[in-house]
């Protein structure tokens, strides 16, 4: 899958995690200028609006917007054409005079929420995560529900509380019921958790009443972002029967400031680990439906887990086909999460619930015994994947600090 | 609560369900003109944009929009001021020359989706409905889950598939598992249902990390619409554990073309039937927290049920307080549904699941035995409530016809 591309002329980018084969998109502000679309290369942001305007690109206006949505709405052929144009600009030395003045150091910009979320759906696609949660929440029951191996289970989350990396996350309050208590009590969550996920960002919409088959995934999905599905386990445990997670999740979901285009992950395709039983026709995928993306969960600067996305049972194309099999339409800005990514090994678990086994097995961070999140804790997710240039590319990190409730 | 208001000069409106004390808002199109905001009086629509412009209202621009959202965003003081202004216009004979040319017969307009849905949450607030569903879906278990009497249970639905009254509803396909079958199958739902609900429309937003107490309900909620939460029971039964309803609901939710302002329901307040145990502090409400709204479920022209909203266990102010108790923010256009409205009597059940007791007790419509919905069936919800003028007001109806899958 290695593509022959000339090296970029942008200093410091070649060989980095944000080399010419990456080129994620985000929305940035610089000084007091209005937010607009940028592409990251190395430690620089290309301010696309002036470059596209000076080249008189027909779609230049999409880069002047405070969200990626107009770009997302253009669809796959336009996304590919823009990527080809950008690659040429950033590798052709003769374009340096044109583009150079529009490079802004990453350290000087603030990243905004990159897209307006239309609907947000969260799936539950890790066999290891679902099994662990089942064992922790329902120790006397089969860990997996009977439907789990037949469909990628999912639910709708709150689109309005998806926030960009760096946003503080206030500890939620709510109802929970202590084991053995007569009734529920009210107060700040004492089991605040994180979940390491990938989020898939839909660009091209679909019609109500139509379906998006597994083969149409790349026509609709623009790219991928790291996602932290903050979770209040005590609130969730009390509320989730029978309507599923609600307030235990809806207070905040963090996404990275950068969306990595699917094109940048062309060399990261891997086969799924295997599905047994074979899924129904509309969920059948061929080789290479998975993604080999390595995540890292960092708590207060210390790596506490390394979840491998390649271990996921259900692929993103299957999630999308399932999401639309009933005729539900897609809108530009729809976001769907993979669910917590946990690998089979204990050090690959993507939530503190699992890392501390429901709070019963504390783990050590910076010499302290830890279970769930404390006020002031900072959680950062990072990830890398094979790039088309033969090295690795980085996904934009997502970070958040817990504020007191 | 009867208010002394002069009668309206609009012919045919006085004494109707859409008299001067109602004045619901919607978005309409007439001929080939762009969609804009109108108010219904009698069988006429007041085209508000030209009237407000000629009166040089500062907020006239909100009526030129293709959705109510800019009006919703203005907040309670502006909503009240506009209602006062409209009431004067439509009762003062001397305004007839100004307003008359902007009256459009209802029969000549098409109603559009009245607002852009931000997040859609559906609650589960009827004790009778929740008990019935529990008995039907889990016959060997307690009908109510332990949390039901402690919190208004809810979940997020799909905002992008909320459609306006009159939109055809395509029968969804998906996975379901027949009783006793070895595994799931795929096909069109054979247990397509409807649910009679009220939907509450949020106007004024709230900050992430803040809470909207029960007393702030009217500051944030603009009004009410009838809502049909179409449900595929076979898909729902197979998928809903443990993450709640998803594809069994997400194919379509219908709302009326008219949103009734809370002000029009000032005479409809009633006490809740009673809550035992007393809810936690943040959910405590005083007298008059309920609404005396009588619904009617009409299947192919025949009334099959008369659900009384006054029988609901949890009030809308409690739903909103619960929805935000964890700090989740509100956005203009947020919609929350009451959940199916079922009264204690069999003829007050708000879903076919209940009316046919899970399909086991067919009922008769137009001489035919019926359980779930057939292709071509038309479901219409209607409702009336006490108006402030001493008579009754009507909510705009919501109707939809089932299209083959």
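Cβ coordinates come from backbone N, Cα and C, glycine included.
All TrEMBL annotations are machine predictions without curation.
On a predicted model such as this, the values are computed, not experimentally measured, just so you know.
What TrEMBL says about this one:
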DOMAIN    B:22-114  domain 'Fumarylacetoacetase N-terminal'
DOMAIN    B:121-402  domain 'Fumarylacetoacetase-like C-terminal'
BINDING   B:122, B:195, B:197, B:229  Ca(2+) binding site
BINDING   B:124, B:138, B:236, B:240, B:340  substrate binding site
ACT_SITE  B:129  active site, proton acceptor
COMPBIAS  B:167-181  compositional bias 'Low complexity'
REGION    B:167-188  region 'Disordered'
BINDING   B:229, B:249, B:253  Mg(2+) binding site
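Features as recorded by TrEMBL, highlighted on the structure.
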residue: B:124; record: substrate binding site; DSSP class: coil
residue: B:129; record: active site, proton acceptor; DSSP class: helix
residue: B:138; record: substrate binding site; DSSP class: coil
residue: B:195; record: Ca(2+) binding site; DSSP class: strand
residue: B:236; record: substrate binding site; DSSP class: helix
residue: B:249; record: Mg(2+) binding site; DSSP class: coil
residue: B:340; record: substrate binding site; DSSP class: coil
Cβ under 8 Å from chain A, restricted to the recorded positions B:124, B:129, B:253, picks out B:124
So residue B:229 (Ca(2+) binding site), by the Cβ count within 10 Å over all chains shown, scores 26
Argmin Cα dist to residue B:229 (Ca(2+) binding site) over the binding-site residues B:124, B:240, B:249, B:253 returns B:253
Once DSSP output is merged into helix, strand and coil, residue B:229 (Ca(2+) binding site) belongs to coil
A 10 Å Cα radius around residue B:129 (active site, proton acceptor) captures, of the binding-site residues B:122, B:138, B:249, B:340, exactly B:340
Taking the centre of the Cβ atoms of B:122, B:195, B:197, B:229 as the Ca(2+) site, the remaining residues of that chain with Cβ inside 8 Å are B:196, B:227, B:228, B:231, B:249, B:253, B:337, B:338, B:339, B:340
Binding-site residues near residue B:236 (substrate binding site): from B:122, B:195, B:197, B:253, Cα within 10 Å gives none
Rounded Cα distance, in Å, between residue B:340 (substrate binding site) and residue B:253 (Mg(2+) binding site) is 13
On average, residues of the domain 'Fumarylacetoacetase-like C-terminal' (B:121-402) score a pLDDT of 97
Per DSSP, the domain 'Fumarylacetoacetase N-terminal' (B:22-114) contains 45 helix, 23 strand, 25 coil
